[in-house]
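A.B. asks: Pulled the feature table from TrEMBL, pasting it below:
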{"type": "TRANSMEM", "residues": "29-51", "note": "transmembrane segment"}
{"type": "TRANSMEM", "residues": "214-233", "note": "transmembrane segment"}
{"type": "TRANSMEM", "residues": "239-263", "note": "transmembrane segment"}
{"type": "TRANSMEM", "residues": "289-308", "note": "transmembrane segment"}
{"type": "TRANSMEM", "residues": "314-335", "note": "transmembrane segment"}
{"type": "TRANSMEM", "residues": "342-365", "note": "transmembrane segment"}
{"type": "TRANSMEM", "residues": "385-416", "note": "transmembrane segment"}
{"type": "TRANSMEM", "residues": "538-559", "note": "transmembrane segment"}
{"type": "TRANSMEM", "residues": "565-587", "note": "transmembrane segment"}
Amino acid sequence: MGCCSSASSAAQSSKREWKPLEDRSCTDIPWLLLFILFCIGMGFICGFSVATGAAARLVSGYDSYGNICGQKNAKLEAIPNSGMDHTHRKYVFFLDPCNLDLINRKIKSVALCVTACPRQELKTLSDVQKFAEINGSALCSYNLKPSEYTTSSKASVLCPKLPVPASAPIPFFHRCAPVNISCYAKFAEALITFVSDNSVLHRLISGVMTSKEIILGLCLLSLVLSMILMVIIRYISRVLVWILTILVILGSLGGTGVLWWLYAKQRKSPKETVIPEQLQIAEDNLRALLIYAISATVFTVLLFLIMLVMRKRVALTIALFHVAGKVFIHLPLLVFQPFWTFFALVLFWAYWIMTLLFLGTAGSAVQNDQGFVEFRVSGPLQYMWWYHVVGLIWISEFILACQQMTVAGAVVTYYFTRDKRNLPFTPILASVNRLIRYHLGTVAKGSFIITLVKIPRMILMYIHSQLKGKENACARCVLKSCICCLWCLEKCLNYLNQNAYTATAINSTNFCTSAKDAFVILVENALRVAAINTVGDFMLFLGKVLIVCSTGLAGIMLLNYQQDYTVWVLPLIIVCLFAFLVAHCFLSIYEMVVDVLFLCFAIDTKYNDGSPGREFYMDKVLMLKRR
């Protein structure tokens with residue numbers, strides 16, 4: 001772990017001065033050990049699901065009697081048709097593949113192991129019989145011989161529903177899936193309420209398939225635009241701030257003026273009606289307009305005063321954006337940070353989903369009410385699902401926290417290096433090295449705190465969705481209030497965690513100490529924090545809107561030349577959503593850099609005064625905004 005030569009924990013707790021990058025020590029080791037043990041538990045779940053035969057059942061598939069396709073099977077007690085030799089029957093075939101259970105998300109059909117999937121539609125039982133004789137693949141129940149398909153009275157129950165749709169095996173998973181998507185269209189219609197006609201969904205899917213090259217090109221365009229914006233945003237930040245200021249001033253003055261105008265107009269209007277009830281309504285409306293106008297006036301005056309007081313803080317925000325642009329010039333690998341994080345998340349999510357699928361087929365064979373076999377986990381092991389879900393949240397948050405710590409470490413190195421020519425060759429890799437050697441425990445602790453807040457919120461959201469339309473107004477209000485409070489708490493903790501990681505990157509202190517020190521610095525600079533979190537977030541939001549609008553406009557112009565389909569809705573929605581996602585990922589890195597720079601600036605301002613021995617580390621642009 002690189003801790004052999006580190007300072008002792010007592011010495012670490014005794015030093016209270018900020019000494020950027022002077023020494024390193026391991027932080028929150030017990031939490032790192034706890035996280036390692038938790039990951040070992042996740043590995044045990046995966047190993048258990050594979051060892052109990054779930055891997056074979058998932059990949060090869062199994063029939064309704066518990067037999068795994070493509071191999072010899074052992075006899076299951078009291079289960080008919082079990083223990084069959086399916087060495088030559090490698091594919092799972094469903095007698096009624098379009099019979100979907102939307103609630104339990106599975107196919108409500110008898111499953112059989114067959115030699116081959118029917119590549120062409122079979123319209124009659126004679127066609128099914130002919131297919132079995134030619135291909136040696138019996139599509140009816142094991143109890144019915146192919147010669148009896150057209151003569152047996154039970155054929156309508158034991159044979160597939162006619163017509164049998166043409167199907168093809170799913171790669172790697174040996175299931176016969178219908179080639180025609182009409183079944184899946186019906187499934188989608190049950191989930192998407194605005195689709196009332198099959199033709200609508202078919203046209204939407206056709207539009208996506210026909211324009212897939214354009215969609216791919218537009219997604220690439222949004223990626224390029226996001227990277228360009230990260231470089232040039234420091235040059236347009238001042239313009240964006242002026243746009244925001246002018247819009248706020250015009251909006252507040254205009255709204256206040258309109259309210260006073262309406263009040264004056266209604267007050268001077270003649271009272272022609274003599275009905276007392278209408279006179280009372282008019283007086284109430286006039287009184288309401290007066291209250292609104294006075295409130296808007298007070299709000300406008302307060303807004304002007306706040307803008308007057310915070311004008312220097314807004315100037316600091318612009319300066320921080322300018323310096324953040326310099327950071328990306330000196331540390332170009334920061335631009336690629338979202339790629340590595342996304343790649344790590346995709347790998348983990350793929351592992352998590354595969355393990356989840358293994359768990360879905362793990363356990364012992366149990367006969368259900370229809371006499372078919374299901375695999376269920378009993379005893380304490382049935383709670384592995386909950387452990388697996390917690391692992392999804394904690395490890396995902398851990399990966400995101402590693403990104404925050406990596407970015408913080410690289411930016412801290414940049415800020416507290418006086419001569420930028422002496423920066424490490426790759427500050428990002430140096431930051432990753434420090435993270436792995438010293439601070440994984442801090443990241444594990446911070447991500448666990450977020451997990452503790454996120455899990456109750458997800459449980460309440462699930463309860464709210466299950467009780468939708470059943471609970472009374474009071475219960476609905478309480479649930480929504482709790483969900484909202486937990487969401488706000490999660491956002492606050494995320495912001496505090498990010499600053500705690502920055503403090504750890506600077507002074508190599510544990511999570512609690514770093515969080516406390518960062519919180520004190522933030523409270524001392526509350527007005528500056530407010531300016532950065534309002535003006536800065538708005539500028540980044542405008543950047544996201546710019547990228548989405550540019551990509552959407554390019555999409556409209558390109559799709560205008562496509563005449564192969566009539567519906568543009570879905571391709572444009574996919575492109576715009578992807579553009580927003582990409583813009584959010586890249587600009588969140590920019591926002592992270594600005595927040596780290598601000599904390600470094602606040603610490604630099606507090607502990608240095610420019611005198612010999614206490615020179616500032618800050619950029620010249622920030623030097624003018626320190627007061």
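FYI, residue positions are counted from 1 along the chain as it appears here.
Cβ coordinates come from backbone N, Cα and C, glycine included.
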A.B. asks: Go through 289-308, 342-365, 385-416, 538-559 and flag the stretch with the largest number of C-beta pairs under 8 Å relative to the transmembrane segment (214-233).
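C.D. replies: Between the stretches 289-308, 342-365, 385-416, 538-559, 538-559 has the largest tally.
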A.B. asks: Have the transmembrane segment (538-559) and the transmembrane segment (29-51) got at least three CB pairs under 8 Å, pairs 6 or more apart in sequence?
C.D. replies: no
A.B. asks: Going along the chain, which residues at least six beyond the ends of the transmembrane segment (29-51) come within the CB cut-off of under 8 Å?
C.D. replies: 1, 3, 351, 355, 358-359, 361-362, 381, 384, 387-388, 391, 394-395, 398, 440-442, 444-445, 448, 511
